[in-house]
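Straight from TrEMBL, the features:
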BINDING   HIS99, HIS128, ASP130, ASP229, ASP231  Mn(2+) 1 binding site
BINDING   ASP126  Mn(2+) 2 binding site
Amino acid sequence: MGNQAVSLIGAPTDIGAGHRGASMGPEALRVANLQARLKARGIDVVDRGNLQGPLNPWEPPREGYRHLSAVVDWNRAVYEAIYGELSLGRLPVMLGGDHCLAIGSITAVARHCREHHKKLRVLWLDAHADFNTAQITPSGNIHGMPVACLCGMGPEELTTLGGSKPATAPDVFRQIGIRSVDEGEKRLVREARVSIFDMRQIDESGMKRVMEEALEGVDADTHLHVSFDVDFLDPAIAPGVGTTVRGGPNYREAQLCMEMIADTGRLASLDIVELNPAFDKRNQTAKLAVDLVESLFGKSTLIR
Ligand SMILES: [Mn+2]
């Protein structure tokens, strides 16, 4: 993996979130030395700096969506930036920002895959299914809707971001670590047949078996995208997120998850989202995220 070229792209906004503070995520990851730690692995890493977009007006939802037009602006910027990096043959790492930005990044990744005849697989590491729609959302926060939007269920401005709708299909997703799904969402993910490995399954089968299943079929023609919502992790080790849900993967389980993804050699794009320094203690969650991302890029205890 020594000849990889990685681009870091900051998207400092909390426009789709229910708490302020994820806008500070990119800087916290930089302070935790993300670039230097990846460079030390022999990877060519360029930090492209931050994208720009509207400030968070902190308004109530309208017709089921909070800040829709600003969410669209941010996602358009993310979409263009990620698509540009992929076109250069680089591996984009989107530093969020809240999880609504995955609409832009994955729409770009899906377009790139179509154009290069690659199979897309998205690993959605999260406490939540993020499959809400305007009709069923309890909050209107769009960070709870990206997977539905990517599957064509959502406002036209977001579902058609890449020109064609839907951006991708439910069968590309493997959701891991899920432990909080809203009532209406439960029905939708079942109808859409999203493949979800919830915490119960991780408890019963173990992370190893779950990751083997989630990575089944990944081959040389696969573009593997990881959408890493930091609230995937147990809040005991990762307090720096807006929406903590107890009972997530512990440190060893999270490391194994990342190492097994690295072993495929197919990681081709990454989102790191929902890191919220306003809830963190001494940047520990950012440091942990960087630690895990190092494993994702192939750091291991021994030469294997
Ligand atoms: Mn999420």
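Backbone N, Cα and C define each Cβ position, glycine as well.
Distribution of TrEMBL features across the structure.
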residue : record                : DSSP class
HIS99   : Mn(2+) 1 binding site : helix
ASP126  : Mn(2+) 2 binding site : coil
ASP229  : Mn(2+) 1 binding site : strand
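Listed in sequence order, HIS99, TRP124, LEU125, ASP126, ALA127, HIS128, ASP130, VAL241, VAL273, GLU274 are the same-chain residues six or more apart from ASP229 (Mn(2+) 1 binding site) with CB atoms under 8 A from its CB. The Cβ centroid of HIS99, HIS128, ASP130, ASP229, ASP231 marks the Mn(2+) 1 site; residues of that chain outside this set whose Cβ lies within 8 Å of it are TRP124, ASP126, ALA127, HIS143, GLY144, PHE232, THR243, VAL273, GLU274, given in sequence order. Note on the binding-site residues HIS99, HIS128: the fewest other CB atoms within 10 A surround the CB of HIS128.
Residue density at ASP130 (Mn(2+) 1 binding site): 27 other Cβ atoms are found within 10 A of its Cβ, drawing on all protein chains shown. Cβ environment of ASP231 (Mn(2+) 1 binding site): ASP126, ALA127, HIS128, ALA238, VAL241, GLY242, THR243, THR244, VAL245, GLY248, GLU274 lie under 8 Å away, each six or more residues apart in the same chain. Its own atom aside, the Cβ of the residue listed as 'Mn(2+) 2 binding site' has 29 Cβ atoms within 10 angstroms in the protein chains shown.
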